[in-house]
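Quick notes on the structure that follows.
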Amino acid sequence: MNNHRCRQSAILLKTRGHKAIIWCVYVVGFMDLFGVSMIVPLLSHHVKALGASPTVAGIVGSTYGILQLFSSTIVGSWSDVVGRRYSLLTCLLSSALGYILLGMSTSITLFVLARIPVGLFKHSLSICRALLSDLVSESERPLVMGHFNAASSVGFILGPVVGGYLTEHEGGFYTSSFTCAAIFIINAGLVWMLPWSEALIPCNDTNASNDTSKLCHDNNCSKLIRNGSRANSLHPMFEAEPGSRASLNKKGDLRWWEMPLLEPIWRQLSSVCSKIHVVASCDMWDLFLVRLLMAIAIMLYYSNFSLAMEERFFLKPKVTGYLISYSSTLGALSGFLVGPVTQLYGNNMPALLLHSTVLTCSLIFMYATAASVWQVLLTSTFFSISTNIGRTCVTDLELQRGGLQASGTLIGAGQSVTSVGRIVAPLLSGLTQEFSPCGPPSLGVILALAAVGLLLIRIPKWDKRGIKVATH
């Protein structure tokens, strides 16, 4: 009976409401990075136009990264508590407010104030990934995540084209800022209109982490998404908070006065802290360390790319720009390869992560020792593919090991780790570049080798899904 109900819940995944949410999330991801990439290339020019010195401009620019570092895990955990719908709406509307303020910034003070709400709440992509992990089975997750990354990357490629066109007109920066704000408001409207009540969560398949398939009971075999997060926990560490007042009405929806968002602030904070503590106490240090090492290595690869091309091969900035655009386009398209490659490996994510890490390390080495532009072009071709697959593998393993009922917390924690890499990489790049233009990628090779060594040591202690195997 239980197996029959599980099969029924898997069929319900194909309903119109479920597909509508997934496709709308793809659109939200595309528009999100499309809007952001319109603004990001213009920020440094605008802050200098406001009269900031290079030092002040650097400090102002680091504000966003520091805020992201501390807010990623908190906002991700909060989305586990109040649901994806309301947390996503909050992030989108808060980001829109930040870009509206940015469009009104006529001084350094207003510019900094405008970056604060964006730094604190620009986690819409992380919540979208958590929502997708809620909607699909474990075997489908790499494919769906790959498509989402591809859609987002396409938006990131097209955004600067539109932003550059707008800046050619008078007041172009302010027009771009208000356009970006409008895009986030439209995204919020899409999220609000999604058919949340029609989407059903399937029971985890036989490959689900922590043996959750054994916990499939009649009363929770198919679970309604409450505002986009799982209604009932399958993982014992993330059961519903005691004394929760939330309940479903006859139509399967939460009553508005019983929404988790309207719970007392202290109760929400308690739940957030509880989830963060549980994730912090999990034995996942190896995955987070691999993520950090590879994030820094990849950023070192790109950190001085334009300058290195000019000094090593005497390329003009225009030609270097073509190389970067080529690499970015391949990175976007490679998202569609994640699903087939995962199936080729039989969903053996640890092995795929190891092989993609080895390939990335080899490509960074080839770039650091390249004797011609054609070698750089070759490494760029495969580098975008290997890094995209590696990021998807790390995220998938984190979700498998930590449990989907804290998917927001886990993805947020991963983003915090990546933010550390964004802060550290420019410093390391500057120090190593003092010795040679090949210094940053050479250091990247060392860090990638350390990640490979760590995986070789730790993977034998994991099972096929990345879960630590008990030793006797």
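For all residues, glycine too, the Cβ spot is worked out from N, Cα and C.
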Transmembrane segment range according to TrEMBL, out of 116-138, 323-345, 369-391: 323-345
Feature transmembrane segment in TrEMBL, mapped to one of the ranges 55-74, 95-114: 55-74
When counting Cβ pairs under 8 Å to the transmembrane segment (441-459), the leader among 144-166, 172-194, 284-303, 323-345: 284-303
Remote residues contacting the transmembrane segment (172-194) - C-beta distance under 8 A, at least 6 residues beyond either end: 20-21, 24, 27-28, 31-32, 34-36, 38-39, 42, 45-46, 85, 88-89, 92-93, 95-97, 99-100, 102-104, 124, 162-163, 166
